[in-house]
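A.B. asks: Pasting a structure below so you can have a look.
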Amino acid sequence: MAPVPPGIRLLVAFNKDQWYRALTFMLTFLLYTSFHLSRKPISIVKSELHKNCSSTSELATVALGSGGGQEPLPLHTDVECSWKPFDKNNYKQLLGAMDYSFLCAYAIGMYLSGIIGERLPIRLYLTVGMLTSGVFTCLFGLGYIYNIHSLGFYIFVQVANGLVQTTGWPSVVTCIGNWFGKGRRGLIMGLWNSHTSVGNILGSLIAGYWVSSNWGLSFIVPGLIIGAMGVICFLFLIEHPNDLKGIYAQNLFPGNSVSAKSWNGANGHSKLYLQYKDNKKQSYDTELLLPQDSVYVPAQPVVVVKSESELSAISFMGALRIPGVVEFSLCLLFAKLVSYTFLFWLPLYITKAAHLDAKKAGDLSTLFDVGGIVGGILAGVISDKLGRRATTCAVMLLLAAPTLYGFSMISQFGLGPTVGMLLVCGGLVNGPYALITTAVSADLGTHKSLKGNARALSTVTAIIDGTGSVGAALGPLLAGLLSAGGWDRVFYMLMTADFLALLLLLRLVTKELSSSKSHPVSAIELKEH
């Protein structure tokens, strides 16, 4: 008998549950990568919507003047060079208004999204959101193809896209929380949350490829990608391990003596009951023992007495009363303000400060997201090791503020120092943001005060990220207003936001440091508000 290849041995070393868990991890990672991929193009296209027309005119004048001794005439005017209505001096305010319209709609919609998501099948809810988001992203790009110059059109598309994109975050966090327990949650979710930075990087590269030749494709291609991922979500996403039991029930009861039937429970979960030949339905919830691949186990139902009162979805105020939710939500407001200001304005800042074209500035801005990947993973590992989520966030926020000031100074001295500072800033800015939106949200959504009610996770996640999204809406808007008086004002705003985020965590940090136990914040003895 020939020896079994080592690759096959590796494959059979994992059981079905582990394979489905890996599938859920990778699928939700790719799904949310496509969300961020579709958000990034607007920041890359900004420098194309309003160009440095004076330098373009000079180049055109030189080109005409070199041919034939005729009097040179400027080839481009402001109107011809930039894209209406962003060709005027108030273009920064208009671009900021587009960012604000998307993020404000996103923030408002997020509070409702978590509540809705707990009452609908998440696979269908997420699929519809991704398909409609793809439509609106493509619609923005069609504005270039059909030569649309109405500010109202672009703001409408941004508002609509912001609303439908709220289906994403509560859904994927709920799925990943259902499949993975609390052990090493910081590390697992730190790795998983790198989808944010991966999506930003891919979005920058895709948008940058077409930005100078046909910026409409910078939106249409990401729109098609998120729409295609919505179809994949519909075909393959498994929201909860219990959803697989219906499949195993059919395999374990192939005969007619016992048939397995199901009805839809919360979020579309399948709950099984058995019906025997005498048609007497058992008034029990039934869980089936899943056989190991290598051992045959006779199909026997394990009967668990059904509780008369099922746990209902948590209310909005009930979620706010979970210890730590208010502090982390407000902290995320300021942390996300900083992160999203970089997301929407960094390419334009690099264009103006380093005098690079739109494509090079977009490519360079991806280094911020590379640093964000490392920062998110480090934050998760450190918080797992120390068992102190709030303290980990606070230290990174404390280091981020002076680093932002250093970046504003060093970016004036050339490309080399800018590259290094972009990596460091990305890690320190996105580290706390990543930790709060993933591991902390999952910890609080399964807090012991909920007494095992797992249906609170989507609502808690939506509250935390929704509050953060208020900051995400304010940051780019304030950046558009303040940058008119110089970029230094923008960096002072970002540093102030970091310090405020740090102050909001001081109570939790003090409680963590005074605690004699060393475990994640979800298990720390915090008093009710």
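In case you wondered, yes, glycine gets a Cβ from its N, Cα and C as well.
I grabbed these lines from TrEMBL:
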TRANSMEM  19-37  transmembrane segment
DOMAIN    27-513  domain 'Major facilitator superfamily (MFS) profile'
TRANSMEM  94-116  transmembrane segment
TRANSMEM  122-146  transmembrane segment
TRANSMEM  191-211  transmembrane segment
TRANSMEM  217-238  transmembrane segment
TRANSMEM  325-346  transmembrane segment
TRANSMEM  366-383  transmembrane segment
TRANSMEM  395-415  transmembrane segment
TRANSMEM  421-444  transmembrane segment
TRANSMEM  456-478  transmembrane segment
TRANSMEM  490-509  transmembrane segment
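Each of these features: where is it, how hidden is it, and who are its neighbours?
C.D. replies: For the transmembrane segment (19-37), same-chain residues at least 6 beyond its ends with a Cβ under 8 Å from one of its own Cβ atoms are 126, 130, 133, 165, 168-169, 172, 175-176, 179-180, 188, 192, 195-196, 198-200, 202-203, 206, 222, 225-226, 229, 232-233, 236-238, 241, 244.
Counting residues 6+ beyond its ends, the transmembrane segment (217-238) has Cβ neighbours under 8 Å at 20, 23-24, 27-28, 30-31, 34-35, 37-38, 40-41, 44-45, 122-124, 126-131, 133-142, 175, 203, 206-211, 244 in the same chain.
With a cut-off of 8 Å between Cβ atoms, the residues of this chain six or more beyond the transmembrane segment (325-346) that come close are 39-40, 42-43, 46, 99, 103, 200, 319, 365, 368, 372, 390, 393, 397, 400, 404, 425-426, 429-430, 432-433, 436-437, 440-441, 444, 460, 463-465, 467-472, 474-476, 478-480, 483, 490, 493-494, 497-498, 500-501, 504-505, 507-508, 529.
Under 8 Å from some Cβ of the transmembrane segment (395-415) lie the Cβ atoms of residues 335, 338, 350, 353-354, 364, 375, 379, 421-422, 424-425, 428-429, 431-432, 487-488, 491, 494-495, 498-499, 501-502, 505, all in the same chain and six or more residues away from its ends.
Through the fold, the transmembrane segment (421-444) approaches residues 169, 173, 176-177, 182, 185-186, 189-190, 192-194, 196-197, 322, 324-325, 328, 331-332, 335-336, 338-339, 342, 364-365, 367-372, 374-376, 378-380, 383, 389, 392-393, 396-397, 399-400, 403-404, 406-407, 410-411, 457, 460-461, 464-465, 468, 501, 520-522 of its own chain, all at least 6 residues removed from its boundaries and within a Cβ separation under 8 Å.
Using a Cβ-Cβ cut-off under 8 Å and counting only residues 6 or more beyond its ends in the same chain, the transmembrane segment (456-478) has close neighbours at 96-97, 99-100, 103-104, 106-107, 110-115, 117-118, 122, 166, 169-171, 173-174, 177-178, 313-314, 316, 318-320, 322, 325, 328-330, 332-341, 343-345, 433, 436-437, 440-442, 444-447, 450, 490, 493-494, 497.
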A.B. asks: List, by number or range, the same-chain residues at least 6 past the transmembrane segment (366-383) whose CB is under 8 A from its CB atoms?
C.D. replies: 185-191, 193-194, 196-198, 200-201, 204-205, 339, 342, 346, 389, 392-393, 396, 419, 422-435, 438-439, 520
A.B. asks: So what's near the transmembrane segment (94-116) in sequence-distant terms, Cβ-Cβ under 8 Å and 6+ beyond its ends?
C.D. replies: 39, 42, 46, 49-50, 85-86, 88, 125, 151, 154-155, 158-167, 169-170, 313, 316, 340, 344, 348, 458-463, 465-467, 469-470, 472-474, 476-477, 479-481
A.B. asks: Who are the long-range neighbours of the transmembrane segment (122-146) in its own chain, taking Cβ under 8 Å and residues 6 or more past its ends?
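C.D. replies: Apart from its flanks, the transmembrane segment (122-146) reaches 31, 34-35, 38, 41-42, 83, 116, 153-154, 157-158, 160-161, 164-168, 171-172, 174-175, 214-220, 222-231, 233-234, 237-239, 267-268, 458.
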